[in-house]
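Notes follow the structure.
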Amino acid sequence: MDLRTMTQSLVTLAEDNMAFFSGQGPGETARRLSGVFAGIREQALGLEPALGRLLSVAHLFDLDAETPANGYRSLVHTARCCLAHLLHKSRYVASNRRSIFFRTSHNLAELEAYLAALTQLRALAYYAQRLLAINRPGKLFFEGDEGITADFLREYVTLHKGCFYGRCLGFQFTPAIRPFLQTISIGLVSFGEHYKRNETGLSVTASSLFTSGRFAIDPELRGAEFERIIQNLDVHFWKAFWNITEIEVLSSLANMASATVRVSRLLSLPPKAFEMPLTADPKLTVTISPPLAHTGPGPVLVRLISYDLREGQDSEELSSLVRSEGPRGLELRPRPQQAPRSRSLVVHIHGGGFVAQTSKSHEPYLKSWAQELGVPILSIDYSLAPEAPFPRALEECFYAYCWAVKHCGLLGSTGERICLAGDSAGGNLCFTVSLRAAAYGVRVPDGIMAAYPATMLQSAASPSRLLSLMDPLLPLSVLSKCVSAYAGGEMEDHSDSDQKALGMMGLVRRDTALLFRDLRLGASSWLNSFLELSGHKSRPNLVPTEEPMRRSVSEAALAQPEGPLGTDSLKYLTLHDLSLSSETQDTPELSLSAETLGPTTPSAVNFLFRPEDAPEEAEARDDISTKEEKVYSVRAAFPEGFHPRRSSQGAIQMPLYSAPIVKNPFMSPLLAPDSMLQTLPPVHIVACALDPMLDDSVMFARRLRSLGQPVTLHVVEDLPHGFLSLAALCRETRQAAALCVDRIRFILNPPGPATPAGPTTPPV
């Protein structure tokens, strides 16, 4: 169904339902249902022309006709998903509204939530239109200095997001993955309650499990709490949450479902300099020094994974590098025969926003790769930010890559073909490691497979970045905090000093007491929530006669006396309300002042701001508050009468970031000069159509193709960022993971005669 037909069908159904409920008397329920359908009609009619304009020019930003993908297309697709859900729900209401089994309360809550989502999507469509108007032809990232990114920041950070994390969570993704996203969101908000209590990882996880009942029952509460967490908690919270998968119990469970391999060893590479032959003249060598940045020389951890035991992998030299990971069970299987060295090697760099995870959490899909490809895989455990900011991770990955090239024989490979593979932040490091190898003059890999890579860490507005408003895995503020930590803007958290002082037995005693306390409170909370919900469902009147202690987000908005949709609700401060702050003293003023956005430290790189827009932070704030309001007034963002919903959490702490380090080509490879990009080997990118970082992949591929570099771009539909870690979840993620394996296989076994990219080192 095309966009116009879908919109017309939805409008017709909305008008029919609106007329029906308007004639049901003066009851509150009928009034709210009539009002919500009136809102659906209004937003759908306003959204359709904006989406049509975006779709009419979206093809100009594709890599080619065979790869129709960019942020504009993704926004249109997301809005279509929301319209399709509302169309389905409106048809259901029209068919069942007279039935005695019609669940009025449930359907009303769902319609309200999706109306809020549709309103916010309309705002994003207008933002995308403005980007389209001011961007250079064919450019997805804003590169001008007109101050439009300041205007984006001022408006975007205050948009209401909770509706996307409650009932509408993951509506844009494939249905098979939505239960997983709901589990993640419930775990996140529950984990947030126990964060900073000085509990150990297992205790926090267990406590969160038993106190999450009310978040599972109440989607509106979950959405509001999710919004609070993403806007207020620092990078250390996200580091702790993402590292839950590193807990021994959980990692063991994950490994039980993964492929069984003969070799999975954690190695510690000593910080010793060594020589590498130059590609131009193998008789000459260059010294590869150990990592030095920030913390001085130190070992680099890597994990060797091989489906078969190959020659060299059980050598004494390699065994001397093995690092113990705890007690191992008795090996009862007979010692296998050694397979010959593989002609290929995969060097893998994991993702995690530069701040979290290790090869251990990525081991399940790496084992599958080792089995399917039949080659050894070396995964690098680089040091993480904020404790080890840029360029420490790059130095460690480059050192480990060079060590692997030189000592490939120990890893069970002859090194004829070498592939660099990584996802997200790991994809970024794959590109920069290859650029550094070319700069040193040593062998570059034969190809790079990057899954949903981050190639643009400099702050700049783009249409796909707008998707971060609704993405449960990559919200805008989380992206900002991760990049800030990697750039050195986040200081190390020393809040664990008390844990060290307690000692192991003290931690165990304290965590046991806290766990039993949380079990008791969690059971009570869950029972109260269940009884409250049951009591609510048993009432004949859906709206209680007394004001409850806490209303849902949608109820609070619709219960206001002004207008059918409660447009004056303080839960959703509109742009109009904020612009009248001089007349209403209790409404906060929306500006980029230090009072609004926090201290002017480089602690929050935002993805909607370029450093050029703020060469001097004090001048930039003054300039934005005066000149930018004249040129890009807040009211000019939207048509007359349209006001998106605003967050009750206040502005995200995202001050302007002016450090030039984010423009470093070894940090943002998209900004590298042509001469550097021309040194890259063939690049194969697998991106997600609904990923806030989609434009990174599209623009990087366009840039390489314009230079005549071999590059392919494959875009998978309806999956979130990070699908490799979800490979076993459903058919769609398995197919996407198989595409990554296919790209690696193409690099290792190219059609026609294969020639190494550089001189190979004799196996050690």
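Cβ atoms here come from the backbone N, Cα and C positions, even for glycine.
The feature active site is assigned by Swiss-Prot to SER424 (among others), with sequence analysis given as support. Mapped onto three states, the DSSP output places SER424 (active site) in coil. There are 27 other Cβ atoms within 10 Å of the Cβ belonging to SER424 (active site).
ASP691 (active site) falls within neither a helix nor a strand when secondary structure is assigned with DSSP, and so counts as coil. Annotated active site per Swiss-Prot: ASP691 (among others), in sequence order.
The active site feature in Swiss-Prot is assigned to HIS721 (among others). Neighbour density for HIS721 (active site): within 10 A of its CB lie 24 other CB atoms from the protein chains shown.
Positions annotated as compositional bias 'Basic and acidic residues' by Swiss-Prot: 325-334.
Here Swiss-Prot flags SER552 (among others) as phosphoserine.
Marked as phosphoserine by Swiss-Prot: SER554 (among others).
According to Swiss-Prot, the phosphoserine annotation covers SER593 (among others).
Per Swiss-Prot, phosphoserine is recorded for SER625 (among others).
Summarising the environment of SER647 (phosphoserine), the number of other Cβ atoms within 10 Å of its Cβ, over all protein chains shown, is 20. Residues or ranges marked as phosphoserine by Swiss-Prot: SER647 (among others).
Counting every protein chain shown, 18 other Cβ atoms lie within 10 Å of the Cβ of SER648 (phosphoserine). DSSP assigns SER648 (phosphoserine) to coil, not to a helix or a strand. Annotated phosphoserine per Swiss-Prot: SER648 (among others), in sequence order, evidence recorded as similarity to another entry.
Residues or ranges marked as region 'Disordered' by Swiss-Prot: 316-339.
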Task = Ten-angstrom check, please: count other Cβ atoms within 10 Å of the Cβ of ASP691 (active site), all chains counted.
result = 27
Ask   = What recorded positions in the list SER647, SER648, HIS721 lie within 10 angstroms of SER424 (active site), counting C-alpha atoms?
value = HIS721
Inquiry  = Considering Cα atoms only, can you say which of SER647, SER648, HIS721 is the nearest neighbour of ASP691 (active site) among these recorded positions?
reply    = HIS721
Ask   = Taking DSSP three-state, what's HIS721 (active site) in: helix, strand or coil?
value = coil
Key: Inter-residue C-alpha distance, HIS721 (active site) and SER647 (phosphoserine) (nearest angstrom)   = 25
